[in-house]
Amino acid sequence: MVAVRDEAVGEAADGSVAGAAVGISGRGSVGDIVFRGFAVAAAALILVALAAVFIFLGIEGIPGFDVDEQHYAGQGSFLGLVVPLLFATMYAAVLALIIAVPFSVAIALFISHYAPRRIAVPVAYVIDLLAAVPSVVFGLWGAVALGPYLVPAHGWLAENLAWLPFFDGQPSGNGRTLFTAAIVLAVMILPIITSICREVFAQTPRLHEEAALALGATRWEMVRYAVFPYARSGMVSAVMLGLGRALGETMAIAMIASPKVVVSLFVIGTQNPQTIAAHIAQGYKESTPDRLSVLIATGLVLFAFTFLVNALARWIVARGRAK
Amino acid sequence: MTDIDLSAQETELSHATLPRGAQWLVAIAAAALGGLSLVLGAGIVGAVAVGGLAFVLGYPLWALLVENRRSATDKLVTGLVWTAFGVAVIPLIWLIYMVVARGTAAISPEFLTYSMRSVTGDEQGGLYHALMGTLIVTGIAALISIPIGIMTAIYLIEYGKGSRLAKAITFLVDVMTGIPSIVAGLFAFALFTLVVGPGTRFGFGGGVALSLLMIPTVVRSTEEMLKLVPDDLREAAYALGVPKWRTITKMVLPTAVGGIVTGVVLSISRVIGETAPLLVASGFNPNMNTNALEDSPMMTVPVFIYTQLSEATAKGVEYAWGGALVLFVLVMALNLIARIVGTIFAPKTGR
């Protein structure tokens, strides 16, 4: 028994012990080696695949950093192209977060603390359903249904809130703007943030909550002083993961917002700042190798950027756990 | 003197409360206000907004006047939380309604059985080629991802626990989860540009791109399921002298099979709706193409929706909705299958 346990637990630490244990069992050692080989090969393949992603994107993309001016969509240089794109990517994602986070936290609270159990379970299911809808369907809905519906709202914003830089200008007549796209993007990232927040809220120790209530706290005070402090790092990482998703999301923006490579805060006009992913999707048909290199290079920048955001999210989670 | 102090304390201990059923009173008043604004011509959306706002603000306001600040805040937050839920459901219901209503109008036997080959203007045509393409490309992705994903999970749980390689793999799977979908498409495109030739767009490329997105979810879900298999089972098998690989294939995997299949089906439903990577790696094609290895683009349903919408014609929009309904049905069917498989295989832990 002890030997077997050693094999199960300590194998990776010391290969020779593992070999001995397999030897004791006699039959099946060939099968063991082959099966183990497959498992290790599959795991190693993931390593290789990720390395390949970097290598092939690098080979095809790095020439795109410096090609003839005409391939940079009228921006002159790679930096001139990628800085506005990166700005727009961040901008759209942050707008979506501003809309999505309050709703996500409220819905997560609704499921974990406010709704009666009978309602909470189906509600959680409905929110998960939202996550299953393909992004292209969201894009179609945003472009054909939500956008036209929001045209009066665009007009109202331009008329009454024009002192804000976001709404200062001629509003779009068909609603295909970054404003609409950000709302759709918010609906798309809402299920992710909600489901993580919900789990974190549900993990609040029951005793903390009951102690708060026993001291005479109202339900909101219980949430504020017992649940939120406990869930803070989880909430932050949920928001970061939502941000990571929003940064890489392509179709909603490519299908809804009519684009222009531009740094601008104006969100309700006909020329909306274009994100990296939408820029790639809308330029994919162009067949000149140089232009494709430029697109792949912008893709590399996007990858590096989302990687940083996700790494930050993981770091926050790890720090929260260590406490 | 003392008497006065005591009475003061008494009034502190219990304060006035709202009458029972106060919330219903407020709700009725709010509904009446909503109805009034409907009569005055605010439209159905405006009326609901007025009624909801009246309730969310009116109830705490009453509590503020009769009870105290804390109670009012509590009631305000409760109202806001319920409102948030109500507002978030609107896009879902609206979207499903649109997909079903506009989609059923577009779908006909012809739509499902014809390709868009030499279709111009308002001639008929359909998405049969895209449907076949989606099934082929997703099938390729599944064929690549499922064995790699499951074997990797087996390595992580059964062989590599705590080893440096396992830690590295766990980290890399995390990184893979965060790859933007369009970057996966660019990778497949760059890979086959170098291997096959410049500008290669074909079905297999799309499959590779999707598998890059699918592998991490398969690994994650399988890992979770293998963790749930009790160690007693493994130890019992070892004690009987069963070799490790037989233990895994005959004890561990059958115990976890329900959860693994559920996870795999859900991961398929996740990638079947991916658009951006297929746009880049598989391209688009109005013709039927069932050969994934041939160097010619293969159409898929999400790309069909995108290209039809970008035609910006009435017929294009109609076809896009038809494609959306087909895609929606595919995704929902996969989710349903996952649920059914989950419930069939789930309660195996008893006896």
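Cβ coordinates come from backbone N, Cα and C, glycine included.
Caution: TrEMBL annotation is automatic and unverified by curators.
Per TrEMBL, these features apply:
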- B:21-40: transmembrane segment (TRANSMEM)
- B:46-65: transmembrane segment (TRANSMEM)
- B:77-100: transmembrane segment (TRANSMEM)
- B:127-157: transmembrane segment (TRANSMEM)
- B:131-338: domain 'ABC transmembrane type-1' (DOMAIN)
- B:169-196: transmembrane segment (TRANSMEM)
- B:202-219: transmembrane segment (TRANSMEM)
- B:251-272: transmembrane segment (TRANSMEM)
- B:319-341: transmembrane segment (TRANSMEM)
Under 8 Å Cβ-Cβ from the transmembrane segment (B:169-196), and at least six residues away from its ends along the same chain, one finds 152, 155-156, 160, 202, 204-206, 208-210, 212-213, 215-217, 219-220, 274, 276-281, 295
For the transmembrane segment (B:77-100) against the transmembrane segment (B:127-157), do we get 3 or more Cβ-Cβ pairs below 8 Å once near-sequence pairs (under 6 apart) are dropped?
-> no
Under an 8 Å Cβ to Cβ limit, what residues of the same chain, 6 or more beyond the ends of the transmembrane segment (B:202-219), are close to it?
-> 133, 136-146, 148-150, 152-153, 156, 173-174, 176-177, 179, 181, 184-185, 187-189, 191-192, 263-264, 266-268, 270-271, 274, 277-278, 280-283, 289, 291-298, 300
